[in-house]
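Copied from TrEMBL, the annotated features are:
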| type | residues | note |
| --- | --- | --- |
| DOMAIN | 5-187 | domain 'Tr-type G' |
| BINDING | ASP17, HIS18, GLY19, LYS20, SER21, THR22, ASN134, LYS135, ILE136, ASP137 | GTP binding site |
Amino acid sequence: MTPLSHIRNFSIVAHIDHGKSTLADRLIQSTHTVADRDMKEQMLDAMDIERERGITIKANTVRIDYVADNGEAYVLNLIDTPGHVDFAYEVSRSMRAVEGSLLVVDSTQGVEAQTLANVYQAIDADHEIVPILNKIDLPAADCDRVAEQIEDVIGIDASGAIRVSAKTGVGIKETLEAIVHRLPAPKGEEDADLKAMLVDSWYDSYLGVIVLVRIIDGRLKKGERIRFVSNGTIHHVDRIGVFRPQMQVVDSLGPGEIGFLTASIKQVRDTRVGDTVTHEKKIVKPLPGFKPSQPVVFCGLFPVDSSQFEDLRDAIDKLALNDASFSFEMETSAALGFGFRCGFLGLLHLEVIRDRIEREYDIDLITTAPSVVYRIFMRDGAMQELHNPADMPDLSVVDHLEEPRIKATILVPDEYLGDVLKLCQDRRGVQQDLTYAGSRAMVVYDLPLNEVVFDFYDRLKSVTKGYASFDYQMTGYQTDNLVKMSVLVNDEPVDALSMMVHRDRAEMRGRAMVEKLKDLIPRHMFKIPIQAAIGGKVIARETLSAMRKDVTAKCYGGDATRKRKLLDKQKAGKKKMRQFGKVEIPQEAFISALKMDS
Ligand SMILES: Nc1nc2c(ncn2[C@@H]2O[C@H](COP(=O)(O)OP(=O)(O)OP(=O)(O)O)[C@@H](O)[C@H]2O)c(=O)[nH]1
């Protein structure tokens with residue numbers, strides 16, 4: 001049993017790509033937590049998609065045994081947190097389970113928007129913070145400048161910042177010593193009633209739901225009956241353990257410790273993150289509540305091949321078992337048939353789920369335009385949420401609409417500032433602050449989430465050549481002049497392309513949309529009008545002229561194999577098309593048509 005004084009619980013906060021996972025790997029490796037032969041790069045990034053994209057999505061945990069220079073043995077519990085803006089909620093919950101943070105800043109880059117967002121969460125959670133200047137092996141490293149920036153922008157003391165190369169291992173020993181000597185030990189009472197925090201939970205096909213807990217007071221043992229305070233459900237604990245990072249069963253967990261339990265729980269939904277766990281009959285004061293994660297972006301997912309609807313249902317059910325922040329309900333669309341309306345924490349979350357369905361379940365999907373959650377105030381005083389523009393009620397019963405707004409923080413090198421301001425302005429942003437930290441500007445904008453969900457990231461990256469970083473939080477709702485824009489192809493409305501837009505921008509967006517569609521829809525044997533309309537009024541129109549696209553026309557000379565190849569390709573392409581009335585629209589049109597060029 002490790003005394004409280006010899007436990008340290010910490011997380012690592014960083015902007016994406018600043019080296020958090022690499023540092024975690026190095027800490028695990030240098031303490032021989034994992035034998036060298038088993039060491040894979042980025043031990044903590046379990047999922048394939050994470051590995052491919054190099055981003056950490058689920059928070060992960062590892063227990064490290066470390067004998068410090070003073071000869072004492074310590075237990076270090078690391079909770080790895082995701083760095084991406086969509087998963088800020090996961091960061092906030094894991095922060096509450098630990099007492100300190102390593103703040104990793106890439107010494108060739110400096111402080112970025114997510115460094116700020118994440119470190120403020122650590123400060124909110126009262127963490128002791130140890131700054132780490134990473135990637136010092138690179139020639140472009142400028143530790144003094146970055147340390148100064150940490151002090152100026154974040155406002156914490158960086159004089160003791162540790163200079164590290166997570167790649168080569170320089171500074172790893174110093175980091176481990178700093179964890180032991182600079183981060184506080186957890187507090188807790190061994191003899192008090194059991195009180196544990198539910199930090200995270202996920203589904204495992206062999207063990208059922210695995211619950212990650214941080215013990216605050218008391219002791220949890222295998223075989224005991226526990227109660228989740230929020231819903232009063234009682235469970236029999238059949239397994240307790242720690243992550244090294246593989247699961248290792250232990251007999252009990254005491255104050256200050258972080259580990260897992262399993263209790264034949266069937267669904268992740270039955271476990272509420274932030275909940276308090278205690279023994280069956282005990283009454284304890286619940287831990288201060290966590291904000292529940294709310295989906296902010298909705299879109300429809302439809303199978304390209306409608307016979308795969310049941311497979312899609314199956315895939316979505318399985319994914320939802322493991323991801324309580326992902327919501328869904330069945331949707332029928334005149335154009336796309338049966339599918340699901342799904343809610344996500346943000347666009348990255350949406351992309352990850354979509355990729356997993358396509359890849360792991362082998363289902364080709366049509367994704368409709370992402371939409372935020374609008375509030376519709378009716379003339380009779382009622383309010384309803386609108387998750388899907390297709391459900392927009394008749395304007396005669398609507399009094400007004402409200403849309404969600406965000407506070408966006410963007411850090412950008414000076415020379416791109418003008419482009420960033422223009423982009424934010426074009427997206428109906430209202431500037432709130434503009435400050436400088438060295439040669440970088442920090443701008444804060446109040447923006448409609450609607451204008452950000454689709455391609456704001458992409459645009460920001462492209463106008464700043466990838467040098468800007470961006471983070472946002474929801475601030476609330478505001479009334480604006482919003483209308484539903486419909487799209488008609490060959491005089492048939494395509495509900496999957498309808499969207500909510502600001503009245504002043506409707507014409508511009510309508511025009512951009514019909515022009516795009518004209519390029520994206522292949523020519524048919526007949527003329528196809530493509531229109532954007534508000535109510536009954538057409539605001540933009542293009543006509544796709546008739547022509548049969550003869551893909552073999554270029555193959556004069558009659559090379560049979562090449563001709564066959566082209567025809568096969570055309571056939572495969574057809575599978576990815578959807579029939580709308582008499583018109584076939586390719587799958588990618590749904591996403592591409594909505595991207596704006598401004
Ligand atoms: N040269 C050098 N490269 C490093 C160092 N640390 C990390 N990297 C590289 O930087 C890239 C990003 O590192 P990650 O550890 O994946 O970054 P991360 O912060 O965990 O990123 P997310 O998990 O996506 O938030 C990888 O290509 C690493 O190999 C370092 O000390 N020196």
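Placed from the backbone N, Cα and C atoms, the Cβ positions cover glycine too.
Residues ASP17, HIS18, GLY19, LYS20, SER21, THR22, ASN134, LYS135, ILE136, ASP137, recorded as binding GTP, reach a greatest CA to CA spacing of 17 Å. In the three-state DSSP assignment, the secondary structure recorded for ASN134 (GTP binding site) is strand.
Selection of the binding-site residues GLY19, ASN134, ILE136 by a Cβ distance under 6 Å from ligand 1 yields, in sequence order, GLY19, ASN134.
When the binding-site residues ASP17, SER21, ASN134 are scored by other C-beta atoms within 10 Å, ASN134 scores highest. Secondary structure at SER21 (GTP binding site), as computed by DSSP, is helix.
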